[in-house]
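Report on one structure; see the data block that follows.
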């Protein structure tokens, strides 16, 4: 049986996991799964049709019917490019609230696992190594101080032309961290066999180099 290698990169909001995952995928020539984008797509789609964030059945149905397409740095929902729309802070907060519901997570599980194709996959999210790909060849858990993450998120938003307030971002991150850690469905935590990487004082390239070093060691084993 052909083994399709998977690298999982999990961590809290704005820990740098998305950027690191993208660069690692480019370096090794693997497919990329941005699982957070899927939850943001559910948030956007459900918001547009008026589904309340506590309507679990409605949210799960929305998740199961997602018509999505991913391209380099772009994403489409039902044929409409929504790359910028899903990155709005309001959609991010809604996605975090929606992600606590197990039926929504269940609806997205198969969709996420379908990304596992040759030559391999780099998957970033919050439960990639613990729930979606527990047999991944390399599991990485990225973290950083909440202050460092707030600064990064602020820069990301400003660079994209989205207005932001760093104090508001700090409060939002703290609230999301608490919600992610304490939810009953797939709480945010490192897999037991994950490599821990604190990126508070690291550049993106340094973090990428460390992940690639770990993966090279895994492939030699």
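Each Cβ is built from the backbone N, Cα and C atoms, and glycine gets one as well.
Here Swiss-Prot flags 11, 12, 13, 14, 15, 16, 17, 18, 19 as ATP binding site, drawing on sequence analysis. The secondary structure of residue 11 (ATP binding site), as reduced to three states from DSSP, is coil rather than helix or strand.
With the fewest other C-beta atoms within 10 Å around its C-beta, 19 stands out among the binding-site residues 13, 15, 19. For the ATP site, the Cβ centre of 11, 12, 13, 14, 15, 16, 17, 18, 19 serves as reference, and the other residues of the chain with Cβ at most 8 Å from it are 20, 124, 142, 144, 149, 152. Using a 10 Å Cβ-Cβ cutoff, residue 17 (ATP binding site) registers 29 neighbours.
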